[in-house]
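Notes for the one structure printed next.
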Amino acid sequence: MKVSLGNGEMGVSAHLQPCKAGTTRFFTSNTHSSVVLQGFDQLRIEGLLCDVTLVPGDGDEIFPVHRAMMASASDYFKAMFTGGMKEQDLMCIKLHGVNKVGLKKIIDFIYTAKLSLNMDNLQDTLEAASFLQILPVLDFCKVFLISGVSLDNCVEVGRIANTYNLIEVDKYVNNFILKNFPALLSTGEFLKLPFERLAFVLSSNSLKHCTELELFKAACRWLRLEDPRMDYAAKLMKNIRFPLMTPQDLINYVQTVDFMRTDNTCVNLLLEASNYQMMPYMQPVMQSDRTAIRSDSTHLVTLGGVLRQQLVVSKELRMYDERAQEWRSLAPMDAPRYQHGIAVIGNFLYVVGGQSNYDTKGKTAVDTVFRFDPRYNKWMQVASLNEKRTFFHLSALKGHLYAVGGRSAAGELATVECYNPRMNEWSYVAKMSEPHYGHAGTVYGGLMYISGGITHDTFQNELMCFDPDTDKWMQKAPMTTVRGLHCMCTVGDKLYVIGGNHFRGTSDYDDVLSCEYYSPTLDQWTPIAAMLRGQSDVGVAVFENKIYVVGGYSWNNRCMVEIVQKYDPEKDEWHKVFDLPESLGGIRACTLTVFPPEENPGSPSRESPLSAPSDHS
């Protein structure tokens, strides 16, 4: 039982605890600590009971204090007064690492728990707090710095953070500069940045709203401000993404700069850009830091599908914005697709085969292949398949694409094709032992795994493994359940098989809610939690180690569905997380690093070198 006295000034509370010997009372004063602190401060002011005098390193001003008080607040003073050091017996101690402004701030804080900070006294206070190990004061200094960062002082705050190793402040300054770099360019404040911070900014994927040409010109301005800075030219230019500039910008603005023609490193950077732009089909397997999209925004992306209403096939490419909790559109395909295959190489999205018209028999399968470049939000067509195919599986493995099985107007397919981006061509590799369609696949350990599907109108439970190095198929342990039109993905060292459908009895289809994972090491299947709702012919993607199953068709409900279910492998739990904008079957999904959509339309910074007029190249 707790009892508080009505007189708030006393600040007393009592805890009553009954016992055999009578009631024991425990009292707590809420004001005692502050009263004691005030008492010690008054003793210090009056010079009473002080047992040591501190002298700052930059003068003769003296500060009488109490050893016990200083030792209780600082490990530095505790070690000095109790650790057998010579200062333990001295009555006057000179502190060479602290000036009088900083020492006074520290002593005032220890005796009052109060601290006033401004930019004039901050560094003196920081230096003293760091030297004397007064952690609360260090924390107050960090808060003061972070709360006051602006365009005018961010460079100076960054210098202070670096000098005193204030990691949180340094990180905040980096983020602030990245977010506001265009403004710093316009004011010229960026010219005050040290090389290390400017190089970090120019290398960052989080740097937005600046073209590579603007960044190059800014780097040149910084280098030319002072002669010694020219020593950093090559190191700084390594952070400019020259391959993403247009050819005319490289010729008109970059090659005209003297050091870009004379410095060997800079010359090689221009050669790299030229070679990259001359080989557009090879770009997915030529990716480097200098060719990557300047974005740290990775999202779940969906493509195509057939709409529930009117059975119209979609050509929409969408990303899910987790913060806004809404879908945003990217550049749509030139033609609609469903039952297609998608895969990602080097953050380029390939869309292969499928159908443009609704047709459950696959008789309208196509062979065309398109590639989406998120850096410019643009599509381009690449080499077509050797065979039209739909209801097939597509994997990206070792820089190649593999299109496995499927069906077409000619019937079910056992053939497998491999796309080589370096040659921009498809070639046949070892085919499957039997034709399959409606199967699923994933990759792990340099191998491609294909599960289930339908062969000669019969649902399968087999698992096959393809080794591209030997061009051979191997049989592995079969699934515990037959299924087709399911999905498959890899998380860690486990290969997950999810959903799909199979025959109920002899003539009707049934959703398969059961799921399982395969261990390649053990060649063994293990059941996991069942789906909340049936989904077949879906999109599947792994995002932040969670599995997202998108849209599809529910055979039990006889309709396309709009739901997105998420599976957490660590918790073995399913959750319905959000919906598609509309119900879509035969949709596909992946994860892709993209620009937020508001940065895409009409932005000159997103102009593809490939779209440059030929008379300027």
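These residue numbers are counts, starting from 1, taken along the chain as shown.
Here the Cβ of each residue, glycine as well, is placed from N, Cα and C on the backbone.
Source: prediction; values computed, not measured.
Record features, source Swiss-Prot:
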- 50-119: domain 'BTB' (DOMAIN)
- 154-255: domain 'BACK' (DOMAIN)
- 300-347: repeat 'Kelch 1' (REPEAT)
- 348-399: repeat 'Kelch 2' (REPEAT)
- 400-446: repeat 'Kelch 3' (REPEAT)
- 448-493: repeat 'Kelch 4' (REPEAT)
- 495-545: repeat 'Kelch 5' (REPEAT)
- 546-595: repeat 'Kelch 6' (REPEAT)
Field: seg_contact(the repeat 'Kelch 5' (495-545), the repeat 'Kelch 2' (348-399)) with at least 3 CB pairs under 8 angstroms, min sep 6
entry: no
- line: Per DSSP, the repeat 'Kelch 2' (348-399) contains 0 helix, 23 strand, 29 coil
Query: For the repeat 'Kelch 6' (546-595), what are the DSSP-based totals of helix, strand and coil residues?
result: 0 helix, 30 strand, 20 coil
Message: Can you break down the domain 'BACK' (154-255) into helix, strand and coil residue counts using DSSP?
response: 80 helix, 0 strand, 22 coil
Query: So what pLDDT does the repeat 'Kelch 2' (348-399) average out to?
result: 97
Task: Could you tell me how many residues in the repeat 'Kelch 3' (400-446) are helical, how many are strand and how many are coil under DSSP?
output: 0 helix, 30 strand, 17 coil
- prompt: By DSSP, what is the split of the repeat 'Kelch 4' (448-493) into helix, strand and coil residues?
  reply: 0 helix, 24 strand, 22 coil
